[in-house]
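Per Swiss-Prot, the feature site 'Part of a proton relay during catalysis' maps to 44, 107. According to Swiss-Prot, the feature pyruvate binding site maps to 45, 203, an assignment based on sequence analysis. The active site, proton donor/acceptor annotation in Swiss-Prot covers 133. According to Swiss-Prot, the feature active site, schiff-base intermediate with substrate maps to 161, an assignment based on sequence analysis.
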């Protein structure tokens, strides 16, 4: 099973909006070098909403190619039409991903019954492990632990990314879903507590720019060393909040560009590049986190 420090990888782009595959390869190498445990390709932070399906699949496939078996790659397969999610899942099943991460259908606000039916249909279209993804701040639907529990019996649904920031859900999910079901935090600010309460890993935005420190924090928390985890995590807390001064992934792409990790901080419309009033805030947070900028 995939656990530990997982990066929700940005998708680097050129100034004309095309995907910058040279920078993508460098990012993959960077995370392998820094000890990141796994990569999520083309999730929310990877701008899945603005990549058409053929491009989405290509980016995931290239990420797998660059990883070359050295780090697991999880492909984003969420969509708000079940038929589209199934089509995407079938395509991603051919490119070598270790698992897939499927966000709850957004905008159309399915009922719990609809969520269960959606995920069962998607899981039935592949043998590859599936991770559910609950982020109501983005989707306008909150998949409760009781709904997640209805999907545990599906053999290739292996876990859930819980991004509400409500750490009380860890215990409830564990009670309902059992010890073998993987619980991933999707909220950097509460990730340490999530792991200390029994979570298995974190799918992180900040991990794009502080992978070594984030990996060390996750390892300490998973080992039950709360004091060490806190000592690593506390200097990063300003970064966690500032990376959401505007909609993710606007700030983290700007930060990655300032670090020289990517050639350009371009982001696709309707998102726009980081506003000037946030530049100083983010630079200050990066300095406090001991991040070097170029």
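The backbone N, Cα and C atoms fix where each Cβ goes, glycine too.
Here the features listed in Swiss-Prot are painted onto the structure.
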residue: 44; record: site 'Part of a proton relay during catalysis'; CB count, 10 Å: 24
residue: 45; record: pyruvate binding site; CB count, 10 Å: 24
residue: 107; record: site 'Part of a proton relay during catalysis'; CB count, 10 Å: 9
residue: 133; record: active site, proton donor/acceptor; CB count, 10 Å: 27
residue: 161; record: active site, schiff-base intermediate with substrate; CB count, 10 Å: 26
residue: 203; record: pyruvate binding site; CB count, 10 Å: 29
Determine, from DSSP, whether residue 45 (pyruvate binding site) sits in helix, strand or coil. coil
Go through the recorded positions 45, 107, 161 and tell me which ones have a CA within 10 A of the CA of residue 133 (active site, proton donor/acceptor). 161
Work out how many Å separate residue 44 (site 'Part of a proton relay during catalysis') and residue 203 (pyruvate binding site) at their Cα atoms, rounded off. 11
What's the CA-CA gap between residue 203 (pyruvate binding site) and residue 161 (active site, schiff-base intermediate with substrate) in angstrom, rounded? 7
I'm trying to understand the geometry here, so how far is the Cα atom of residue 161 (active site, schiff-base intermediate with substrate) from the Cα atom of residue 45 (pyruvate binding site), in Å to the nearest whole number? 14
Alpha-carbon distance [residue 45 (pyruvate binding site); residue 107 (site 'Part of a proton relay during catalysis')] in Å: 18
